[in-house]
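Features reported for this protein in TrEMBL:
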type	residues	note
ACT_SITE	666	active site, for sulfotransferase activity
BINDING	762, 867, 879, 880, 881, 882, 883	3'-phosphoadenylyl sulfate binding site
DISULFID	868-874	disulfide bond
DOMAIN	139-354	domain 'Heparan sulfate-N-deacetylase N-terminal'
DOMAIN	364-567	domain 'Heparan sulphate-N-deacetylase deacetylase'
DOMAIN	658-870	domain 'Sulfotransferase'
């Protein structure tokens, strides 16, 4: 039977007490008692078969492990390894703690199952392994940092943002947010991240207990970094059996092959260069819960304290995995900034592992490299014969690493052979080897579609195709990109119509949606049946044709390729469509150099599976991965200069409204709209044949028609006139606040809060007046009391009746996008009983001039029972109709239904420092 050391950790002061100079009667007695209790404990435990396998070793806690011990020994020394759990035992511990990790332990790539909603997200399927009573946490990360303004916060945000992982950043000194949802108590976070491991350890006990209990119960892990600059040279954590040595200068990097976490990382690869910075931390653990993830070596010229650091090759542990033997919480700690590319790989695999596969990216990388502007360019920088042949040769080289790879060439036939004689030969050579590449239409004379009318646009496309037929260029008809991405976004309808009707184009790409920067926030959308996929840049622009012209020269380009910008695009971006230009392939042939070397580097250090399907197949894969991007979020071109450059000059943002009445229905929106229209400096949207005085753009199918459709509802701008619109269904639509803010970020929002029970009853009576088939067959009480077991049409009617009155829920959603100073809340009772005061306040809020005293414009109509305009008269007979009072049973039901929502509204309004409506103060 093998034996193991059982370490009893005591305070260093105890060993100092053993000095003869410090003896006293009390101290002698203390030592005797301590030794007696220690051995008594051992004897009690000795009856255990397990404990009999351990030997006792007494060491002071500031010598966390023997001086000769290091993690190189952990992997190689027979004596020490025999005194620690075997790999099989540790693996079994992992399985016992979370059997969902089996796919990692049996297959380092973890590609056997599919996880999450995406058909491409190849992470282990945890559903069968996690206990059925444990819900899956939301795909969200909580990042806790010492200083929310520190540069590392931006680094962490970029790390998760580039992987499209939702995250929230919070200062460690702040109160923890609620970790489960209010609605169903589901766990809200799949991972916790600390910018400094010490910050986690130093959390107040009550907060740390809440976090630890959550992590232990829901099987959620912790990823932490170590901040060298914040600490002394050596930190000892006796209770954790862990020592961290800071401010290290290191060289070389290697992953521990036996670790079960690796998916992206390739443990067989060794990095043999010096590591950046002198702020690395290295870890030494003396408890079997600690397992090394990554090693490094102390740099030869490091001048720090070496007595506790092994200086042989791969003697330092720079990333460590606490497998949770002590607290059932798995943690991974990385000893430096996560922006260093090898730490980025460790971090990627860590978040997938620690979240039980709930977070992470597919290993597939779909690569497409577009070569815009073929045959276009200034004399002296165009393609020569040698460049054309180099493109073909480079393509073959890349295909050995990336199956199916071909350059995708966008040509403009009107510029063919317009360079010098040698460049003309280069153009001809490209024609001779045209069948080696993929070709797409790039406009005949390199025109920008937003500058052309519909006729000229189609003529240019036709001329380019005639050129292709003449030169026998094999052009694919279903993919096309325009010069400067003109007409793609902001969309030009004439371009999309021509694509669909003349060419059958089904996909394109752009770097402009929703904005050019930051590059990781570019997205896709589908418009008029054309899939628009985000493009990436490799920083080879039209003016960069030699190594010297690249910012920083060849050295900086190599950094980009080997762990820098270009490498990380591959690392974090499953669908990559790169934009390059013809001149990048001539001269110093920067594009060939870049993509040959970056694909080699990616293949050397990662398990990413690079491949190149046809463009349409890539586009389909993109939208199968991100189906929520099918419908675009329209943004305001006037808010971004780059978009204004490619938006038709005849269009104007003056066609957008300055404020919007968003509802909800049956609260007096029509009356408010009518009163505002009477102001000489206010003009409402044009009447719509289907929606009358409303536009209904942001909340239904009209949104897919684009901003041109929306702008047609407003007149040309007039000096001193403010335009507005009213659509009462906007308020409770879950998509409207985000969509409206994207297009109208400076608009002011007007919301009416009427007593919700009366609003619901008025809505029911409104539908009865229109002979709605559902409400004509059910009483009001039958509608509002229907349950989940009721017929579908009745449940839907109940929701449409009651949901708009749950004001706090919807108002909170609006406040996520619009600041409170852009939202005006109207008291529905005051609007009904004293509209003059409401209108005078509202004028000031929207800052319209001149100010009009509505006392002179409104009068109370005794017959109607409400206020009417003095000159225009009252609203139509359908407004203000009288009906039987609500029955008592329905009143009681609605009072109970709305009570919690009204309570939340009171709290929300108090927090906003807004007055409570009259009905809310009495309806308690």
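Glycine too: its Cβ is placed from the backbone N, Cα and C atoms.
Please treat TrEMBL annotations as automatic predictions, because they have not gone through curation.
Residue 666 (active site, for sulfotransferase activity) sits 14 Å from residue 883 (3'-phosphoadenylyl sulfate binding site), taking the C-alpha atoms as the reference points. Ranking the disulfide-bonded residues 868, 874 by C-beta neighbours within 10 Å puts 868 at the top. In sequence order, 671, 835, 836, 858, 859, 860, 861 are the residues near residue 867 (3'-phosphoadenylyl sulfate binding site), counting only same-chain partners six or more apart with C-beta under 8 A. Spacing of residue 882 (3'-phosphoadenylyl sulfate binding site) relative to residue 874 (disulfide bond) is 15 Å (Cα to Cα, whole number). Here the recorded positions are 666, 882, and the one whose Cβ sees the fewest other Cβ atoms within 10 Å is 882. Counting every protein chain shown, the Cβ of residue 883 (3'-phosphoadenylyl sulfate binding site) has 12 other Cβ atoms within 10 Å.
Residue environment of residue 762 (3'-phosphoadenylyl sulfate binding site) contains 19 other Cβ atoms, counted within 10 Å of its Cβ in all protein chains. Cα separation, residue 874 (disulfide bond) to residue 883 (3'-phosphoadenylyl sulfate binding site), rounded: 19 Å. Model confidence over the domain 'Heparan sulphate-N-deacetylase deacetylase' (364-567) stands at 96, taken as the mean pLDDT rounded to a whole number. The two recorded residues, residue 868 (disulfide bond) and residue 762 (3'-phosphoadenylyl sulfate binding site), have Cα atoms 20 Å apart.
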